[in-house]
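Participant: Got these off TrEMBL a minute ago, pasting:
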| type | residues | note |
| --- | --- | --- |
| ACT_SITE | C121 | active site, nucleophile |
| BINDING | C48, C51, C97, C100 | Zn(2+) binding site |
| DOMAIN | 9-132 | domain 'MsrB' |
Amino acid sequence: MRRKIEKSDAEWRAQLTPEQYHVTREKGTERPFSGDHRVTDEHGIYHCVCCNAPLFENEHKFDAGCGWPSFDRPLVSGCVEEHPDTTQGMQRTEVTCARCNAHLGHVFPDGPAETTGLRYCINSVAIQFHAGE
Ligand SMILES: [Zn+2]
């Protein structure tokens, strides 16, 4: 397991835009349909906006109709971590970057039944698309 990246709040604030900081370091949520939720057939990998770790593959993205980018699995097992989240009166599972603890979104058990059955519902400001990878 790779060493965790740890930075101070001031370092993250200097590196990230205010919206990226709010979502990834303060567990915020972007407005639905505000980001890169559309499905394309382009090859590429989504990386963590904080530490550049590769996290999701465009081929695993699907249209969940929820307004956030949705994937049926992470790029490799262990590149994201999952934590129980009972905030806002809901039972959810939070998804974070395994390398830098960035908050990415949540995983729900209502994904496509023909593949994993999981929906990784991710804030698009938390990930950056690298085409052609
Ligand atoms: Zn990261």
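Including glycine, each Cβ sits where the backbone N, Cα and C put it.
What does the local environment look like for each feature on the list?
Facilitator: DSSP assigns C121 (active site, nucleophile) to a strand.
Residue density at C48 (Zn(2+) binding site): 24 other Cβ atoms are found within 10 A of its Cβ, drawing on all protein chains shown. According to DSSP, C48 (Zn(2+) binding site) is assigned to a strand segment.
For the domain 'MsrB' (9-132), the mean pLDDT of the prediction comes to 96.
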Participant: When secondary structure is assigned with DSSP, how many helix, strand and coil residues does the domain 'MsrB' (9-132) contain?
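Facilitator: DSSP composition of the domain 'MsrB' (9-132): 25 helix, 40 strand, 59 coil.
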Participant: Quick one: which of the recorded positions (C48, C97, C121) have their CB closer than 6 Å to ligand 1?
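Facilitator: C48, C97, in sequence order.
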Participant: Compute the C-alpha separation of C97 (Zn(2+) binding site) from C121 (active site, nucleophile), stating it in Å without decimals.
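Facilitator: Computed Cα spacing between C97 (Zn(2+) binding site) and C121 (active site, nucleophile) is 13 Å.
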Participant: Based on Cβ atoms within 10 Å, give me the single least packed residue among the recorded positions C51, C97, C121.
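Facilitator: Ranked by other Cβ atoms within 10 Å, the recorded positions C51, C97, C121 bottom out at C51.
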Participant: Just the number: how many Å between the Cα atoms of C48 (Zn(2+) binding site) and C121 (active site, nucleophile)?
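Facilitator: On Cα coordinates alone, these residues lie 14 Å apart.
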